[in-house]
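Down below is the structure, laid out as structure tokens.
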């Protein structure tokens, strides 16, 4: 710090002609001081009758007004007693390339240069001026830049404050959402534990992700603000310092200033986020209430033996499975296995004939890769052996059923189109969780058949409306070609 002050003082008492400390300093009317010997030599080179002017500012002066400057001479004497470090002197006063005094300013390159630099190829043809001649111009420019940077500092600080406020707001909002979610789930915790856990995990993940990104933005805003402050500090130091400090490296400062663009922080609008609300919970509760209501009509369903069906039925008349593949001995002693060719031959009706009222039952289909179940208006023995694959499964033929294929494809079967009336219209069903247990609700008077995914807390899988029940209907089960049994559940299970 002290060395910097001494360098500034030395610059003020340096002769502009010889660039050394003033010796027997003389001052002109304009205020510039020169060594007595330097000023005398300058007079000799001037025209005898020519007008004398200051070598620095070119202002005319009269010889009789030249006066010794004892004050400056005293400063020089004191300064000679102090030895500046050669590094600092080199850094401030001399050209790093040529070691000459830095006296000139190149307008094209915006650099302080020495007289050898001016004559070099690098600056040939450039406009050069004494530093004092351009100091005022850059004083104005840097002052304007300082004002602009101060404004940017205010903007940066405001952005920093905004991001902190948003971070606090997010934390408050997340905590508020947590409280609401916990309060809503308390009503039916024993049923909705999995929903609560899932939603809270998502919310916490969102909190961590958003706060992490906001923290990153905050760090970037702090760094941005610090960069502006550092540049402001640099400019303030230049503006308060000497001409040398003002102009040295000014090109880099101006480039940094021009290239500085305040980066806006990443934000996360709260109105666009998807958060679990009480309304979502209300949907779940409505489903549970609907399931609770239909379960009041749970009837104990069993299957009836049927000579037409090839299905395997358990002794308690609750389990139905497809027969094992038949072993066939062919010619030359070869052995092959085959399933029953008729898809419908494994279908079977429940023992209950339904002609009115509301009825509900559940079927366990866990571990099965294929099945069909629902309601049937009764077999058509004369026609069934002529029907292949799924063609019979249409409401117009008395089937209101859904099914599973390949372990993942859940479908409903509607009437075929006018172009293909014999083939059913297969409706792919979107189920988040493949059902292991299916509830079937038949409302005979309302002409509806509904299917519920008990595995997914009773969410509706599919509903047939406007059913035409012109005759008694029965529960229907078909294990398909999967030997794993499907089981009719008792009301107490």
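Cβ atoms are placed via backbone N, Cα and C, with glycine included.
Checking the ranges 157-170, 171-184, 185-198 against Swiss-Prot, the region 'Required for interaction with GABARAP and for autophagy' annotation falls on 185-198. Most buried of the binding-site residues 95, 117, judged by other Cβ atoms within 10 Å, is 117. Away from its own ends, the zinc finger (15-58) comes close to residues 65-69, 72-73, 76, 79-80, 101, 103, 130, 132 of its chain (Cβ-Cβ under 8 Å, at least six residues beyond either end).
Sequence-distant contacts of residue 123 (Zn(2+) binding site), defined as residues of its own chain at least six apart whose C-beta falls under 8 angstroms from its C-beta, comprise 106, 108, 109, 113, 117. Across all of the zinc finger (15-58), the predicted model scores a mean pLDDT of 81. Close to the recorded Zn(2+) site, the chain also has 97, 100, 113, 114, 115, 116, 118, 120, 122: residues not among 95, 98, 117, 123 whose Cβ is within 8 Å of the site's Cβ mean position. Long-range C-beta contacts of residue 98 (Zn(2+) binding site), restricted to its own chain and to partners at least six residues apart, with a cutoff below 8 Å, comprise 114, 116, 117.
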